[in-house]
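Now, the feature entries from TrEMBL:
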COMPBIAS  12-21  compositional bias 'Basic and acidic residues'
COMPBIAS  294-310  compositional bias 'Polar residues'
DOMAIN    27-60  domain 'Transposase putative helix-turn-helix'
REGION    1-22  region 'Disordered'
REGION    290-310  region 'Disordered'
Amino acid sequence: MERKPGSCNVSDESKPEKKESLNSILKTRLYPTPVQKVLLKKMFGTHRTIYNKLVEVSKKDCYKLSKTELDEKYRSISQKHSLTEYLTECNLEVPEEIMNETYHDFTKAIKSSRALYNSLKRNDKKTTFPSLKFKSRKDNTTSIEIQTRTLSSPSTSLFRMLPTYFGFKKFEGMKVEEVIREMNFSIRLQMTRESKFYICIPRVKKFTQTQSSCVCAIDPGVRDFITLYDPGGLTLGVTDGKGKIFQCCLCIDRLQSKLSREHRKRYRYRLKKLIYRMYQRIKCMVKDMHQKGSRSTTTKSSCQSLRPLR
C-alpha cells in the first residue's frame, strides 16, 4: 500500500528553532542634561512613594492572597486616579507606565521572597517568614523597568525613552556611554546613590569556547590585588596597589574623625558623601584589577576562579 504524501513524518528541518535564552546584560551609563536629571529623579521619587504605599497597605495579607486576589485588592492603588491623596501635582506628571511597572515590581518582590523562604525551609535552614521592606532614598541602587515600545536609539550616541514625558524631538535623546545596537527586550533604568544613571539591556551573547588545556587558579584576596597559582609551581602576585589603597583608607579615617566632631548638618552631609565616594573608589580599583587580570590570563589559559579569602 502506497503512503500518501500528506501522511509522511515531518523532518527535523521543518521544526521551529528554539529561541536562545538571554545570557548577558549590557550596562552602560547615561549622561542626562540638568533638566533631564530632574525629570529622572521625579520618576524615581514617584516609583519609591507608590511602592512604599503598597507595602504599607498590604502588610497584613500580601502573602496570604493569590495573584488575582492581590490584583483586585491593591492594583487600584498604583493607578493615577487614586494617587492624588498622597502624591503631589509634580509627581502626577510622571507617565502612568512607570506607576504600572511599580506594581509589577511589588508583585515580583512578593513572589521572589516567598520562593526564597520556601527553598530555605526545604533545605532545613534557619529563616523567618519574609516581610517586604520600604525603599529608601539612601539605597545604593534603585531601578525601574521600561517597556520596549517607548525605547529607541536615533543615533549611536543617543538613547530615547518616554519621548512625550522628556519632550524629545525627532532626533533628540540622552547621551549614552556605549553604542546600543539592539533593544528587543524591556530594560532596567538604574539610579545610584550618587545620582548616576545607567541602563541595563538584556541580550543574547555568543561565548567562544577556549581550546586550551592549561589551567590556572585566580585568588582575588583581600590584602593583595590578585594572586595567580599555576600547577607547575609558578605564582604571580600583584601587590603594588597596597600604597594607593592605604592612602584612601587613611583619608577615610580622617574624614570619619572629622565627622564625629562636626555638628553642622550641611557639613555632616558633605562629609558622609565624601566617605561614600572614597569607599566606591577603592571598590572600583580592586574590581578593575580583577577584571584586567582575569582577562589577560584567560586569553592564554582557561582559569578556575576561587572564592575570595576572608
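Heads up, the Cβ atoms here are built off N, Cα and C, so glycines get one too.
Per-residue pLDDT, averaged across the domain 'Transposase putative helix-turn-helix' (27-60), gives 91. The DSSP breakdown of the domain 'Transposase putative helix-turn-helix' (27-60), given as helix, strand and coil counts, is 24 helix, 5 strand, 5 coil.
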